[in-house]
Amino acid sequence: MSTPDPPLGGTPRPGPSPGPGPSPGAMLGPSPGPSPGSAHSMMGPSPGPPSAGHPIPTQGPGGYPQDNMHQMHKPMESMHEKGMSDDPRYNQMKGMGMRSGGHAGMGPPPSPMDQHSQGYPSPLGGSEHASSPVPASGPSSGPQMSSGPGGAPLDGADPQALGQQNRGPTPFNQNQLHQLRAQIMAYKMLARGQPLPDHLQMAVQGKRPMPGMQQQMPTLPPPSVSATGPGPGPGPGPGPGPGPAPPNYSRPHGMGGPNMPPPGPSGVPPGMPGQPPGGPPKPWPEGPMANAAAPTSTPQKLIPPQPTGRPSPAPPAVPPAASPVMPPQTQSPGQPAQPAPMVPLHQKQSRITPIQKPRGLDPVEILQEREYRLQARIAHRIQELENLPGSLAGDLRTKATIELKALRLLNFQRQLRQEVVVCMRRDTALETALNAKAYKRSKRQSLREARITEKLEKQQKIEQERKRRQKHQEYLNSILQHAKDFKEYHRSVTGKIQKLTKAVATYHANTEREQKKENERIEKERMRRLMAEDEEGYRKLIDQKKDKRLAYLLQQTDEYVANLTELVRQHKAAQVAKEKKKKKKKKKAENAEGQTPAIGPDGEPLDETSQMSDLPVKVIHVESGKILTGTDAPKAGQLEAWLEMNPGYEVAPRSDSEESGSEEEEEEEEEEQPQAAQPPTLPVEEKKKIPDPDSDDVSEVDARHIIENAKQDVDDEYGVSQALARGLQSYYAVAHAVTERVDKQSALMVNGVLKQYQIKGLEWLVSLYNNNLNGILADEMGLGKTIQTIALITYLMEHKRINGPFLIIVPLSTLSNWAYEFDKWAPSVVKVSYKGSPAARRAFVPQLRSGKFNVLLTTYEYIIKDKHILAKIRWKYMIVDEGHRMKNHHCKLTQVLNTHYVAPRRLLLTGTPLQNKLPELWALLNFLLPTIFKSCSTFEQWFNAPFAMTGEKVDLNEEETILIIRRLHKVLRPFLLRRLKKEVEAQLPEKVEYVIKCDMSALQRVLYRHMQAKGVLLTDGSEKDKKGKGGTKTLMNTIMQLRKICNHPYMFQHIEESFSEHLGFTGGIVQGLDLYRASGKFELLDRILPKLRATNHKVLLFCQMTSLMTIMEDYFAYRGFKYLRLDGTTKAEDRGMLLKTFNEPGSEYFIFLLSTRAGGLGLNLQSADTVIIFDSDWNPHQDLQAQDRAHRIGQQNEVRVLRLCTVNSVEEKILAAAKYKLNVDQKVIQAGMFDQKSSSHERRAFLQAILEHEEQDESRHCSTGSGSASFAHTAPPPAGVNPDLEEPPLKEEDEVPDDETVNQMIARHEEEFDLFMRMDLDRRREEARNPKRKPRLMEEDELPSWIIKDDAEVERLTCEEEEEKMFGRGSRHRKEVDYSDSLTEKQWLKAIEEGTLEEIEEEVRQKKSSRKRKRDSDAGSSTPTTSTRSRDKDDESKKQKKRGRPPAEKLSPNPPNLTKKMKKIVDAVIKYKDSSSGRQLSEVFIQLPSRKELPEYYELIRKPVDFKKIKERIRNHKYRSLNDLEKDVMLLCQNAQTFNLEGSLIYEDSIVLQSVFTSVRQKIEKEDDSEGEESEEEEEGEEEGSESESRSVKVKIKLGRKEKAQDRLKGGRRRPSRGSRAKPVVSDDDSEEEQEEDRSGSGSEED
């Protein structure tokens, strides 16, 4: 067998070499012996190595060296593999290879395997037979004849002669050949498991030749055998050659190609003389070793290939009789016949080799044989496909072509697979480790190990099966999960669609319902006028001229809206052009080498460090519209003075072109677009002729057409698609031309999901941004405007890549709430809360300049004050919270924002409804869009007098007014979004409000009656030195005093002090149950609050007055209720912490005490579900805002609002007035009227009328015996008030509800109601068991005698007071009730920033008091001294007795000796100098830097102190001993050591000063001990003298000893009351012990 080349591939097959050395597929020289690995050699004698007498030639018989022939074979093989058989060079090389033989041109001899090859190509020739992989259409295919030396065909050449010519004499004799053949046949039969016949056994042993062999022998020529014959005998193989060795196996006898015909009787296949079809004969090379030619045997019958296309490895040969006979193949006529194999006859008898034991089958050889068979079949199939006839059907030819191309791609596919396998090969220990078998001997496998191996294999199979099942299960689970997700997704989409459909249907239903109501209203109006016989009004509605008038009005309105539409379009175009220009400019700046400076508003370069003080500010003349710019315009620093000198001018809003471009660029743009049409700004200035509605120019058809168009367009909704569907480019569609659908919030927003209406609001805000517009988000309070703003910012940051900076301007009270919402919803947004002291704000400047922030939160004041810092930043967006503050166009905030700040995008947030006052509305629109809404006068003039052009003076009727209002709303619609709670009420829990009437205590009734009748407040007479006898005090602002009495009578200082003395309390403060017994509202709270706490309801308690909140705190402390307080004095940084503490889920505080004005704005207190309004506000919107702190988005529980109202009091009238105002506001807003003109003067007149008529009602009801009073019986309602609102309430409404009714109001469900009833029962039982039981409200028998006065007595006291006033002895001090602000807003802000508010207020107060004392000393020097003393002393004590933190009273002076020692010690410490340098150590300790200069010191040091403060305390007698002084000095040194680093100069100086103080004190104390008793007596005298001096300073008169002792005893019992204000003597750095000592008074120290 020959080893064929790899078909269509170049890789030789590995395998053991058949010879002594490696050999290529076609060996280049003769082998010295038979193939040792051949199966044939195992069955017969094998010749030994060649003798020395036969040298190995180095050159082929044709004259070609073997090396040259081998080098020629390589390119031939590569050309053959690459399919280059048609190349002429390939034919030339092939011809040279064919001539290497007995004549020139024959190639090298084949290997021993090639002797047996019956289906594989040689390297030189073409296909040897039909199964050759080389295509038959190659250059060597076709009919070829044996050629002679000259290349001529040898037609008559004898095959045997050719064999003899080509082969040398064989070294085997005849017997050896017979024996070899017998051995081969026996091996084949044994391989098939067949028994050996006897004659074959004899022939194998060489005893007797096989039958038939003798007859065949003489016919064989002795010299050689054909190269293509299936010679099975082992011959001398070719010599060793370079290249890899062929496989170590030999093909069994009879294994030819798959399509080879069976041989005939003579051993030659029929129809094949000597050569198989498809290729020329492959002769053996002729050489000197003539005896090395191998004998051949008769070829056996062929085994046909298996029909499955997958041949079995090495099928066994069958005997000639048993082998199947294949039909002979027809041979082309041009092919020469193959000569019969010749067996050479040798005379010399060789030595018989003994039979070796045959080796077993090698599985590697079987696999290789299988591969070779497959390759042979593939090659044969390729040949068949190439030789298909041309008459084949089209589809068959297509299939054949596909198959042929696929087979030709086999090697490429195999090579690709090998490369992939090499790349994907996994590293294993078996491949990378050393060969273990080379280092140890093989172990004999035992049965146990085989079983273990079998067991492991079984386990491995089970594990593989388990993994396969698991993987399959996971795959199935993933499919099921995907199906589930798929269904869920589509279910959610379907749900969203259904919700949207429902919302659309609801919207259309609501719209249809409203339209129906409107039609009914118009119909009713017509019927009403008809029934009232108002013929003129009825004709107005139905007359044709009315329609013409309406048509004219609509036409004029449409023209105005069209003008606005054009302005909007031009505004958007200008914005787009500006963006392009900015990009172009930016690109140009990037290409430029240097950086150009920024351009200021006047087109000049603007330095970064400039304060814009020398820049001109553009101004505009209000009436003419003339604009001054450049050098004509005033400078920024002289703007205010210039505006005063030039009335009629105002600051022009910054246009967009000024923000980024210069004047030169604007001129270039004007040159590029010289013919751009200027839009008409005002509809009244249109040149278009508008027909007179009274003339006949307007036909009925035209009027009807105009009306129809207006009807289609009058209800223009927020949908752009609807307008486009009607074919109208509507106003809203133009404004919101660019649409972007927003379905979800930004990923930057966490910790919550927006509601659906909030998503719609976000989409509207994004639409404003996309269309370069600004707008107003005017959702009702509590619907989440803050959250929607944060959503807009995060959406722009994520989707639009706009990271800011965003400027948000908010009130100071809501700044902390904004910061809290940002931290909660968008923690990734970098925000800056720009507030605090100037030093704190300056700390933000580096961050602002670097731009490392997204959002800046600040207040209105800092926007104005720090405009030199904040105006330098180019803001992307400006957002103004509580935007209704901008309604005044001339306010400073609006002017500063328009003049100094650059923000192309602006957004206003407001929760209050927009008032329909046209100037205010225009101011907002002008601030947002100055290019669209330019002139206020025209705007107001047109909407107020639309018929001014026609000369008519007729007022608009109702239908025309509604039309204009709708047109006005349409103007606003693209820029305004407002949703009410009722529109989203499905997402909010219910809110129920109850008004709970409260009764008055006897004390309240008495005080209220006298204050209402005479405007006086009863006193105990102590202010006139008539203590206990009673008196009166006339107070201003009677309504405020009545409200105080209704809230709590202890809000009057002297009432509480007198009652505390009457009830036996010390200190002038009433405690305990008498706190709530004195007020009906407090008594009601005492019943309600325990129930709410028991059921875990959190409460918001809103009050109008902070002094009332202080009394409330005392009550909460008495009942043990945990509470929080927030009012106007609460610092902004503390508010956020209070909100967070109250809103925590497990918070122990269930009451939040808030003032309505400070705590009712912008706070989120949704954890509370009960709102108690202790006293109603004049402005009903304030109370609504307070309610919205709890009733807002996020509230889960039902909200109960309890409004407390004292029965038959001024509070009922205030509540009625507030309700009336709220109703009027609703009517105005709904109807759109523009005549809402109420003033504070009218309100005061209205209240005065209330009080006057209430007094008459009170007297009349008292005379008739009725206890209820109502002013509405006789008081006519003020102008415009609906009389129905002021009808007297029913008797049931005046009744105070009982416990069961109150429980029904506050209970959410039946279980709570039952619990409340049981709590009331337990409370009543506990009160009944108390032996000292008192009624829950004070009764008249508990009141002191001085307060129970009849009207005549009160009248007499009032007259006496008036007489005293006339004679200059008025006892009422205006300082008691001071409603004026002692500081201006600017001073107050400055004091807040520097932290010196209390000191400044005290200074102002002292200045006022000093001026007053000066006036008193000038005017009242003739008054008696005794009464003046007592009155002044009482007033002094009363002045200090107010609620709040008690201040330090003026202490009694220290002994002069002690003061002297303290001063001496401190002076010695201060004057101490360093001995080495002469430096005064205390220089830096004398006075600390201020908080403004060194804020970090005050953050670290809790109690700062310096020598200046120590000296001041010595002067004020704060130190009672040297130990107190030592504490402060040591504290001073410790503060220095805490703040400064160890080892620093100040640190070391403080240590030295400590030792100096200690040594000086010891020295002075030793000197003090040496003094005698005489000095002590002198000290006592001096002390008494100093005391008397201090007393004389107080009362201006020196008192006697007895009076002085009594006064001192009285002062020792007196405690400062609740409401006294702090004085600057008590500082924040005082210790708690010192403050407690200050509170305790001066009684014990004065002795």
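Numbering starts at 1 and runs along the chain as displayed.
The backbone N, Cα and C atoms fix where each Cβ goes, glycine too.
Note that the structure is predicted; figures quoted are calculated from it, not measured.
Residues or ranges marked as phosphothreonine by Swiss-Prot on the basis of a large-scale study or a structure entry: Thr11 (among others).
The compositional bias 'Basic and acidic residues' feature in Swiss-Prot is assigned to 74-89 (among others).
Feature annotation from Swiss-Prot assigns phosphothreonine to Thr353 (among others); the stated evidence is a large-scale study or a structure entry.
The region 'RNA-binding region which is sufficient for binding to lncRNA Evf2' annotation in Swiss-Prot covers 462-728, and the record cites similarity to another entry as its basis.
Residues or ranges marked as phosphothreonine in Swiss-Prot (evidence: a large-scale study or a structure entry): Thr609 (among others).
For Ser610 (among others), the entry in Swiss-Prot reads phosphoserine, with the evidence type a large-scale study or a structure entry.
Taken from Swiss-Prot, the feature phosphoserine covers Ser613 (among others).
When secondary structure is read from DSSP and collapsed to three states, Lys626 (N6-acetyllysine) falls in the coil class. The N6-acetyllysine feature in Swiss-Prot is assigned to Lys626 (among others); the stated evidence is similarity to another entry.
Looking at the motif 'DEGH box' (881-884) alone, the prediction's average pLDDT is 81. Sequence annotations record features per position, and here Swiss-Prot assigns motif 'DEGH box' to 881-884.
Feature annotation from Swiss-Prot assigns SUMO2 cross-link to Lys1365.
Look at Swiss-Prot and you will find Ser1382 (among others) tagged as phosphoserine.
Under the heading compositional bias 'Basic and acidic residues', Swiss-Prot lists 1429-1438 (among others).
Annotation comment: Swiss-Prot describes Ser1452 (among others) as phosphoserine.
Note: Phe1539 (site 'Required for binding to 'Lys-15'-acetylated histone 3') has non-local neighbours Tyr1497, Leu1500, Ile1501, i.e. same-chain residues 6+ apart with C-beta under 8 A of its own C-beta. Annotated site 'Required for binding to 'Lys-15'-acetylated histone 3' per Swiss-Prot: Phe1539, Asn1540, in sequence order.
Per Swiss-Prot, phosphoserine is recorded for Ser1570 (among others).
Among the features that Swiss-Prot reports, phosphoserine is placed at Ser1575 (among others).
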**Q.** For Asn1540 (site 'Required for binding to 'Lys-15'-acetylated histone 3'): intrachain residues, at least 6 apart, with Cβ closer than 8 Å
**A.** Ile1546, Tyr1547, Ser1550
Q) Helix, strand or coil at Phe1539 (site 'Required for binding to 'Lys-15'-acetylated histone 3'), per DSSP? A) helix
Q.
Just to verify: the residue among Lys626, Ser1452 with the fewest other Cβ atoms within 10 Å, which of the modified residues is it?
A. Lys626
Q: May I ask you to report the DSSP-based helix, strand or coil state of Ser1452 (phosphoserine)?
A: coil
Q: Determine how many residues of the compositional bias 'Basic and acidic residues' (74-89) DSSP places in helix, in strand and in coil.
A: 10 helix, 0 strand, 6 coil
(Q) Please report the distance from the Cα of Ser1452 (phosphoserine) to the Cα of Lys626 (N6-acetyllysine), rounded to the nearest angstrom. (A) 73
